[in-house]
Every structure is written in C-alpha cells, then in structure tokens.
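S.K.: Sharing the record's features from TrEMBL:
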- 19-36: transmembrane segment (TRANSMEM)
- 176-195: transmembrane segment (TRANSMEM)
- 215-242: transmembrane segment (TRANSMEM)
- 278-300: transmembrane segment (TRANSMEM)
- 307-324: transmembrane segment (TRANSMEM)
- 362-385: transmembrane segment (TRANSMEM)
Amino acid sequence: MCAFFKHELKEFLTNRKNIAIYLLLIFLSLFYWLQIENNFEIIERVSREELQASIDTKSDFLKKVNREGEIHPDTQAAIEAFPAIVENEEQQIRLLDKKDYKQFSKVRSQWYESYKFKPSPMYYKDGSSTANLTVFYNYWTMFNKLSRYSEMDDPIDLAVIDEKTAIQSLVRAMDYLLPVILVVTSFIFSMDLLARDRKHKSLVKGMPLTDGKKIVVKILVAFIGTMLGLIPLSIGFIGIGLTNGFGYLNLPIGISYFQSKLPLLSEMNFESIPASTYFLRSLLLISLLILVAILINLLLGMWIKNAYFLFIVTLGLPFIELFYNRPGYADIHPVHLLPTSYLHVGEIISGQRGLFWSGTQITFSFGLIVVGITFLVLSILLFGVNRFKRIV
C-alpha cells in the first residue's frame, strides 16, 4: 500500500494538469493581493476627516437649533444625544493624534454600543435589500472586536482596527472565496484519478492491492494535493503581511448565533473567538467539503469514463447554493440540511449566513454534522458500488 501511495503521489505531483493548476493558484493569490485586498476598505474604517466632519455638523446644529417653544421629538432627541456623541468623537480624535490605539478602540467601541447615529451611505449604495441586516451585524461585531482590542497584550495599530492585516484578510477570504477555490480545485485534481488507471490497466492490476485500498489511496492523494494548494495561495497573504502587517492569531473574530429557535434580531447573541480557533474550525469544515467533492468525483467516475466530461458535470455542484441564496430562505425551507449551504465557511462560523438566511440551525456544529453525514453516505456508496463494479 505504501508503494502504491508513493506511485500515486509521484504521478499526481508530476502531472502537467496539476502543475498548471498550482501555477494558476499562484496567479489567483497575487491577483487577490494586488487587485482585491490592496484596494479593500471596510465601511467602518477609521477616518479622522469623517470624525471631524461629524463633530462640526453636530456642533453647528446644537448652536443654531431653536430650543424655544414646541420642539419636534426627533429634534429633541438629537439635542439630548449629540453632546455625548460629540464628546466621544472629540476623544477619538485626540487618541488618534496621540496614536493611543488601544484606548481609541475602547472609546470607539462605546460609540458603537451607546450612540444611535445614521449608518454610512456606503451600506446602501448597491440598493441591497439586506443593507439593514448588514448594518446591524457590523455594528455589533465592531463593538465586540474593538472592546477586545483594548484588552489585548499585543500592540494595536490602525491596520488592525481597519482590518488590513494578513490574518484579517484571510478571515475575509474564508467567507466564501477560498473554500470555493479549494473545492473546485479538488474536483479538478480528482477528475482523472480513475481515467488515468484505465490507460494503464496492466500496471494497476499488477499492484497487490484490493480495489478498496486503491480507492483509499486515491482519496488520500487527492486530498493531500488539494491541501498543498494552500502553499501557492499563501503567497498573496504573505505579500499582504509584508505590506500591512501579519496581525496576531489571538485577534478577536466576531461570531453570532440565535439564542432560541426563532430567527429574531432580538435573539441574536454576539461574541468573539481567537483567529486561531476560527481558522481551525474553517480548516475542519473545508477538509470535510473537499473529501465530499473527491468522493463524488470517484463515485461518478466509475460510470463516466471521460475525465473532462466528469469535470463539467461536477463543476456546477459548488454553486447549487446560488439557486436559493435569498434573504430569509431558511426560515421557510430546510436548506440547513444541504451540504452546499455550508460552502460559505467563514460566514457559517461567524453566524452571518444564519442571519442572512434567517436560519437558526445554520451553524458550524450543524454544518459539521450535515457534511460529515454526507461524507459517510458517499463512502458507503463508493465502497458498496466497488464490490460489484471494478474501478478500472
């Protein structure tokens, strides 16, 4: 079995198609760094100019507002709220000028927690119907993260607060882009595992192994090959780290979940976990999704002889979720039972996908169960079919 594994791994790593895919991953990584992340700015970025403009606008209002006679309730609410907001924003500017970013994080977290203010128009520029949900989620996660920054032992700078570091960039990539790239890559890497054996039947039959053990080796080789894809993909994140800083593995990552079975905003609870825990959870769920993709390819490959036709058939599977990607859909339909619902790995872990779909069961733990059961069912089918149908 060890000799067959070495043979398969060597064949895999010297395969021209696979080498081309690794080179393509390098290109994608560099593109992500130079074209996407290099121009990325969070909506809630820190801007001294915007803070000063906010102070000037509110101060001017407080000076000119007519306080005599009957006052509209909204005007009265602004008169009562603005002084505290102005004081907080002035304190933020002083701390920015002093570069005391830990204390700044603490003061700014109070800004998110205590004061009601108009959201940035950037939330509404695309006319999204879920903009209010995004505002709600971002405000609470920003409050949670900023309050944790002020308690950290590690130094904090604007790159961390504005989420520009390599660690935070990787967190964003985990939301959807990186899992999809890895799953599609696993389909490409495993599409010709059986077709290649059909071209060398005498060599394969000469191996003193059962078909079941050969399948296990092929699954292992395809999985290792896919995970090796993280090496070329890491180049872009290294570039981001050298440019903006790498960040820390104990940086807080905001997560949320419904406290009851009702998908109500009032039932949302917000917490934070270290980035290291976030990445471990992501890696576990992505690994299961990759294994499921490989098993699907091997199972279908027993009937579909042409590797490229097999790839065309399976290529659409990671994108099935697009057919039901609508706000509130999980409140009506049981999409939490579909493994394709968990390709948004980062958003599943953070709880953002559950909020968007109004799905109280769309969680990391339930995702592990669904994808894990899918893996077991496919394994049973694959090895069951193999008892009656030879792999070559």
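Placed from the backbone N, Cα and C atoms, the Cβ positions cover glycine too.
What's the neighbourhood like for each of these?
M.R.: Listed as Cβ neighbours of the transmembrane segment (19-36) (distance under 8 Å, sequence separation of 6 or more from its ends, same chain) are residues 13, 173, 177, 181, 185, 188-189, 228-229, 232-237, 239-240.
Within the chain carrying the transmembrane segment (176-195), a Cβ under 8 angstroms from the stretch's Cβ atoms is held by residues 12, 15, 17-18, 21, 25, 28, 32, 170, 218, 221-223, 225-226, 229-230, 233, 282, 285-286, 289-290, 293-294, 297-298, 301-302, 305-308, 310-311, 314-315, 317-318, 343-347, 391-392, all 6 or more beyond its ends.
Here the transmembrane segment (278-300) has Cβ contacts under 8 Å with residues 170-171, 174, 178-179, 182-183, 186-187, 190-191, 193-194, 215, 218-219, 222-223, 226-227, 249, 253, 255, 310, 313-314, 317-318, 339, 342-343, 345-346, 348-349, 364, 367-368, 371-372, 374-375, 378-379, 381-382, 385 of the same chain, all six or more residues outside its ends.
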